[in-house]
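Annotation source TrEMBL lists domain 'YjeF C-terminal' at 58-366. If you look up TrEMBL, you'll see Gly174, Asn227, Val228, Asn229, Glu230, Tyr231, Lys232, Arg233, Asp296 marked as (6S)-NADPHX binding site. Residues or ranges marked as ATP binding site by TrEMBL: 267-271, 286-295.
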Amino acid sequence: MLVKHSVISGLGRLTSHSPSSSSSVLRRQQFLVRTLCGSQIHRPKLIRAMSSTSEADAESVLRTVTPSLDPKRHKGQAGKIAVIGGCREYTGAPYFAAISALKIGADLSHVFCTKDAAPVIKSYSPELIVHPVLEESYSISQLSEEDQRKVQDKVLGEVDKWMERFDCLVIGPGLGRDPFLLECVSKIMLLAKKFNVPFVVDGDGLFLVTNSIDLVHRYPLAVLTPNVNEYKRLVQKVLNCEVDEQNAEDQLRTLAKQIGGVTILRKGKSDLISNGETVKSVSIYGSPRRCGGQGDILSGGVAVFWSWARQLKSDPESPAENPAILGCIAASGLLRKAASLAFTKHKRSTLTSDIIECLGESLEDICPAS
Ligand SMILES: NC(=O)C1=CN([C@@H]2O[C@H](COP(=O)(O)OP(=O)(O)OC[C@H]3O[C@@H](n4cnc5c(N)ncnc54)[C@H](OP(=O)(O)O)[C@@H]3O)[C@@H](O)[C@H]2O)[C@@H](O)CC1
Ligand SMILES: Nc1ncnc2c1ncn2[C@@H]1O[C@H](COP(=O)(O)OP(=O)(O)OP(=O)(O)O)[C@@H](O)[C@H]1O
Ligand SMILES: [Mg+2]
């Protein structure tokens, strides 16, 4: 698991940290000073300030949750992420999510995909650890029911031996909708819940969850990141009505509450985030290009920033906001900034890979490494 972030012991007082951690201390102090508008520390006021429906200060959140590059840390402590996705049709989506996690600052990024997708994803990048373990119906259709169950047990066994090591899973980018594969993935979700491993559900993972809402109901460590279609299907299924743009924030809050307090990041012109209590929006300017794959960057980003934000929980002076919400705000803010930068460079030819190339520079601009 990740190590604890350095703890600050109060405003106006710098504790004796290493040079690398003192910059993070300073950043967090500046965040608190801004949040409190120069007043003394007063937690109820801080909680109120963070809990009303409002545009989030994504840059401040990014400064707060991003850990310093501490030479004392070892590999893995900045995050171990696993993407469950990648099938015959889709190899780009899991790659985008997994490589984005690394480019933002995670130490290790795994992909669990089908056997066909694995060599392709490996060929995109040697940085990713690729497990060719998932099976689709076409490869097991000749088997008896008993043998199919054995295949499923084998898939689960392969994921099980890694599960506890992960700080967060991203379930769904490029997963496809094959029934046998989705049944295995629903069991992987149960496994993650058993070990209290947080997961972000995106893409076809949302198709699965919308049809089996119990998979995430009342699991506080689930973040759903629906796009316009995925959100529409969720609203229809859970609230039994149509999307109401006039009352978008209230409807999102109700939806998150109805699913038992999971966090939902509704993607769109403004990204809206709610856990059934607060609603935050991130509207900073991104890019007018809507090329496929930007949601995959976002899901990988949420996994990393959420893992980092969870470490702040043990910091008595850290923001009172829910880490899942902080993770969503940070990922949305960074993606939009990187998309904007990529667009200034590439204009109409801006692609998802160009945005991924801008993640580092965009984060560096907000939160310098040294
Ligand atoms: N480079 C890549 O590899 C990328 C891969 N990507 C991956 O693509 C997957 C789908 O994501 P998406 O964003 O296209 O879903 P969405 O907006 O609901 O669908 C639009 C329309 O298409 C249809 N439809 C979709 N999937 C279907 C299926 N399996 N079988 C049948 N119909 C399907 C859908 O129909 P409906 O659900 O309404 O019946 C809707 O009308 C997901 O795994 C994502 O991660 C993306 O991340 C982009 C980059
Ligand atoms: N109309 C818009 N204006 C500005 N930004 C947008 C708009 N729509 C989406 N975005 C941004 O693009 C990101 C990806 O959202 P999008 O709706 O494209 O996801 P998606 O359809 O799941 O993408 P993917 O192709 O990866 O599956 C969101 O976080 C949001 O910041
Ligand atoms: Mg998507």
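Positions of Cβ are set from backbone N, Cα and C atoms, glycine also.
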Just jot down the residues in the same chain as Lys232 ((6S)-NADPHX binding site), at least 6 apart in sequence, with C-beta under 8 A of its C-beta; none if empty.
Glu242, Val243
Check the binding-site residues Val228, Glu230, Lys269, Gly295 for any whose Cβ is under 6 angstroms from an atom of ligand 3, and report them in sequence order.
Gly295
Have a look around Gly293 (ATP binding site) and count the other CB atoms within 10 A of its CB, chains all included.
20
Same-chain residues six or more away whose CB lies under 8 A from the CB of Arg289 (ATP binding site)?
Ala339, Phe343, Arg348, Thr350
Name the secondary structure element type, per DSSP in three states, that contains Lys232 ((6S)-NADPHX binding site).
helix
Could you tell me which of these binding-site residues, Val228, Cys291, has the greatest number of Cβ atoms within 10 Å of its own Cβ?
Cys291
Tell me the coarse DSSP state (helix, strand, coil) of Lys267 (ATP binding site).
coil
Cα proximity to Lys269 (ATP binding site), best match among binding-site residues Gly174, Val228, Glu230, Asp296:
Val228
Quick one: which of the binding-site residues (Gly174, Arg289, Cys291) have their CB closer than 6 Å to ligand 1?
Gly174
Could you state the CA-to-CA distance between Asp296 ((6S)-NADPHX binding site) and Ser287 (ATP binding site) to the nearest Å?
16
